[in-house]
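Chemist: Straight from TrEMBL, here's the annotation block:
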type	residues	note
TRANSMEM	12-41	transmembrane segment
TRANSMEM	53-76	transmembrane segment
TRANSMEM	96-114	transmembrane segment
TRANSMEM	135-154	transmembrane segment
TRANSMEM	188-211	transmembrane segment
TRANSMEM	240-261	transmembrane segment
TRANSMEM	267-290	transmembrane segment
Amino acid sequence: SPHQSNVTSSGAIIVAIISLEAFAGMWINAFIVCVLCIGWVRKKTLNSNEKILLLLGCSRICFLCFSWIYSFLYIIYPNYLHVHTILQIIASFQTFVNYSNLWVSASLCVFYCIKIANFRNSIFNYLKVKIERMVLWLLLGSGVSAFAMGIITYDLTETMQSNNITVTCLGNFWEASKKMDKHFFTSFFLHCFAYAASFMVVTFSAVLLLFSLWRHKCKMQTNSMKDLSMDAHIRAMKSILSFLVMYNINFVCSVLTMYYSLMNENIVTHLLSMYIYAFPGVHSLILIFSNPKLEKALLKILSCVKCE
């Protein structure tokens, strides 16, 4: 029918866009991982910043890969997801890598804030001294919290599948939603809380770092210091501000995606997912151009390609 053909064509367009974003993001993050691994092999060591970037790149590759698989099956072959445990396994692993991505990026923002920002505070100075030792604990905490959310998602997806069966029988979503047990709403609340917690950590760290950089830039202007150092601070501020804006939009899209998924609004959910899948690649590009080592490696590769 014409309606079915329109749905199929729109689904194909969405899959094409999501695929383009996912593969571009995977290539960008694969570049970060390769550059850091090559440096690791040569120098036999990684600093704290590179450890976070390496784990962030790996988690984003996994997130984009499994998110693309999930979207492809959901739009093109939705019947495969009705097989018992397949949807639960895919959704729980996708949640694990998604929260790993969120919390590792939040850890990176906290690391930059403590390492770069300058405040006359005893607690802040203590954290600045201990931040190198705290990195492993930050990453470990990110992995444990992401694993816990993956387990919750497995149970949550199973609850949603059982309620979808009820909807099919009654034909009324709102009547079926009244029968959802208390555990479902608890799981949904935990998901929202995890998103909000990472959002608050990133926002608070970025605002503190922006304030510190802005204050330092004003001091440099009054002292008539070198323009090169001034340009570096302005560049850092632009990078942090762009990440903060992107992260805020990503947070809103993630919450709306969870809401419209609950309402079975598939088209709106996939439209919002387009930005969510674009975020890891675009933010990784910002990280590349704000890191001298990664930027130098990228420009070197681009110059070689241009010469050939």
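Count begins at 1; order follows the chain as displayed.
A Cβ is built for glycine as well, from the same backbone N, Cα and C atoms used for every other residue.
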Chemist: Any chance you could find the range in 12-41, 53-76, 240-261, 267-290 with the most Cβ pairs under 8 Å to the transmembrane segment (188-211)?
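Modeler: Looking at each of 12-41, 53-76, 240-261, 267-290 in turn, the most contacts to the transmembrane segment (188-211) are made by 240-261.
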Chemist: Mind pulling out the one from 12-41, 53-76, 240-261, 267-290 with the most Cβ pairs under 8 angstroms to the transmembrane segment (96-114)?
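Modeler: It is 53-76, which has the most Cβ pairs under 8 Å.
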